[in-house]
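Enquirer: Take a look at the following structure, please.
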Amino acid sequence: MTTSTTFGTRVQSGVPVQQPSPMPFHRYKAFEPVDVPDRTWPSKKITQAPRWLSTDLRDGNQALIDPMTVARKLKMFDLLVSMGYKEIEVGFPSASQTDFDFVRRLVVEDRIPDDVQISVLTQAREDLISRTAESLVGVKRANIHMYNATAEMFRRVVFGIDEAQCIAMATRGTEMVMKYAEQFLGETEFGYQYSPEIFTQTPTDFAVEVCNAVADVWQPGPDREIIFNLPATVEMSTPNTYADQIEYFIRNIRNREFVAVSLHPHNDRGTAVAASELGMMAGADRVEGCLFGHGERTGNVDLVTLGMNLYSQGIDPKIDFSDMDEIRRTVEYCTGLPVHPRHPYAGDLVYTAFSGSHQDAIKKGLEALEKKAASEGVSPHEIAWEAPYLPIDPFDVGRTYEAVIRVNSQSGKGGMAYIMKNDHKMDLPRRLQIEFSRVVQQHTDAAGGEVSPEQMWQIFEKEYFGDHTPLELLQYKSEADNGHYSVDAVVRVNGVERPAGGEGNGPLSAFVDALGAAGFPVRVLDYSEHALSSGGDALAAAYVEVEVGDGDDARVLWGVGRHSSIVTASMKAVISAINRADRN
Ligand SMILES: CC(=O)SCCNC(=O)CCNC(=O)[C@H](O)C(C)(C)COP(=O)(O)OP(=O)(O)OC[C@H]1O[C@@H](n2cnc3c(N)ncnc32)[C@H](O)[C@@H]1OP(=O)(O)O
Ligand SMILES: CC(C)C(=O)C(=O)O
């Protein structure tokens, strides 16, 4: 029985039933995967980093609203080198004078470290290939990377060629690459990479056939590898399908031992990282991508996420991500595009917890780590990482714990207590945490937004130290006689100074007795204290839970005091509770 209707949904017998969308989904057809029933990749594990190639300066650059200037390209190149990338595609030199000049500058100014191999991309066109080879004159090591489209739709729509002509374009292009390499690159340690463009939409058998034909021209062998780069030029299927295609290709390509199988996933479906990882499980040796996933449309696979995913599994990515913020700033400068605040491992908010239960768990987790490290006599950054909600130690990528927990209206006592302890050295007892988190919550509910550590301190000061009425302690003298204490104090009550004296079995109980005599009956229910700093003039903090007043009017609340004398701090804490009771 239909009971109610909401947008696009009818509720039947209490269960919402989704309705057909008005969108023309029938215009699209499901991807036809290659059939690999005996696939082995699902039970494989990734145990080491692949060879990486950064294509930030080519695929990443060609997709920018404002392509990088030479100065920005140089900055990006230096960043990639400093991070440890050893294979860097530096451009498409036949595309523009800027690209050509950039490659020349790298070569002429000897900016390429000996252990770094640059590569350059070209179409399978003789004029472009010769210009590409010319751009590399004098370089020590380089790859030329040539591509042509092999997918049926591209052959039909873009090129108007059949399969044989497509193979001929690839083999002829390879011959041209070898010819111009010989002409221009005699002294260069020269390598070759071929991409059957839109590999994923190419029947995998045909992709293998084209690549085998290209290899017949290049003749790979010992010390003469060929790189077959297998792009998901447009990502069109689930990542397992890509892995099947890679496993199938690897099983069928000839001379596998001299072939480097490279992945080049794009992110149209948002699963490029997964596709790369499954492709690595399927046996690929190498991955091409861009930092933070720049590149055509939705971008290339994100090298930062891929590398850090390995890191989080205890595998050395062979790339240095330890100053993530500097990497992010440089890429943002070079590309002119911001990195999303929730970008894995690098975004502004990814090591931040706002919600109360997350903060509580993180606080406990970090404290447990600190305790464990202290018991082993080492720093918390040296022991095995284990913390709720944080897949890696933010410290490892240059983030500090201070930014981990941030407080807004979604937060609870855990986050507030973490900031009070970490930023302000105040280790609040649990029930005071609960009390103060309500105070903070009132603030966030009223003002909205976030409460910074500084604002939190202001709220705390105002709440616990801000009031001197009705009661203020001006001075006191305490004496002890055989376990018996007396206090002679001067207090100000509603602006009027008056003496207050009392006795007890400790200075605080004597002070409480004096307050009772002065008209402020209180009972101390709980008490804790700790040092705030070390040294001769060290400050101490005292926290007291106090029942203020008596009879039906009695209220239980906390007071806080700080002073270099712990006795004075505790007396101030009692007064803080009395003044709060009066105010509230
Ligand atoms: C998936 C990728 O990211 S591939 C890399 C893509 N990157 C770029 O294209 C950026 C740089 N490219 C350019 O600046 C230009 O395309 C240039 C300078 C290389 C060539 O420019 P133009 O000569 O004007 O050609 P245009 O870009 O229009 O290319 C289309 C022509 O090249 C042919 N072509 C396209 N790709 C290839 C290829 N890989 N191999 C051979 N021919 C190709 C097309 O069939 C078309 O031929 P037609 O003119 O006979 O119809
Ligand atoms: C040239 C190739 C490798 C490419 O960029 C792609 O297909 O996405």
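Counting starts with 1 at the first residue shown.
From the backbone N, Cα and C atoms, a Cβ is placed for every residue, glycine too.
Since we're looking at a predicted model, the values are computed, not measured.
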Enquirer: Per TrEMBL, which one of D38, D56, D59, D513 shares the Mg(2+) site with H264, H266, N300?
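Expert: Of D38, D56, D59, D513, D59 joins H264, H266, N300 in the Mg(2+) site that TrEMBL records.
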Enquirer: Would you count the other C-beta atoms found within 10 angstroms of the C-beta of H264 (Mg(2+) binding site) for me?
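Expert: H264 (Mg(2+) binding site) is surrounded by 27 other Cβ atoms within 10 Å.
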Enquirer: On the 0 to 100 scale, where does the mean pLDDT of the domain 'Pyruvate carboxyltransferase' (50-325) fall?
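Expert: The predicted confidence over the domain 'Pyruvate carboxyltransferase' (50-325), as a mean pLDDT, is 97.
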Enquirer: Can you count the other CB atoms that lie within 10 A of the CB of N300 (Mg(2+) binding site)?
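Expert: 31, counting other Cβ atoms within 10 Å of N300 (Mg(2+) binding site).
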Enquirer: DSSP three-state call for D59 (Mg(2+) binding site): helix, strand or coil?
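Expert: D59 (Mg(2+) binding site) sits in a helix per DSSP.
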Enquirer: Near the Mg(2+) site, what residues other than D59, H264, H266, N300 in the same chain have a C-beta no further than 8 Å from the centroid of the listed C-beta atoms?
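Expert: Result: T55, P231, A232, T233, P265, A272, E288, G289, C290, G295, E296, G299, V301.
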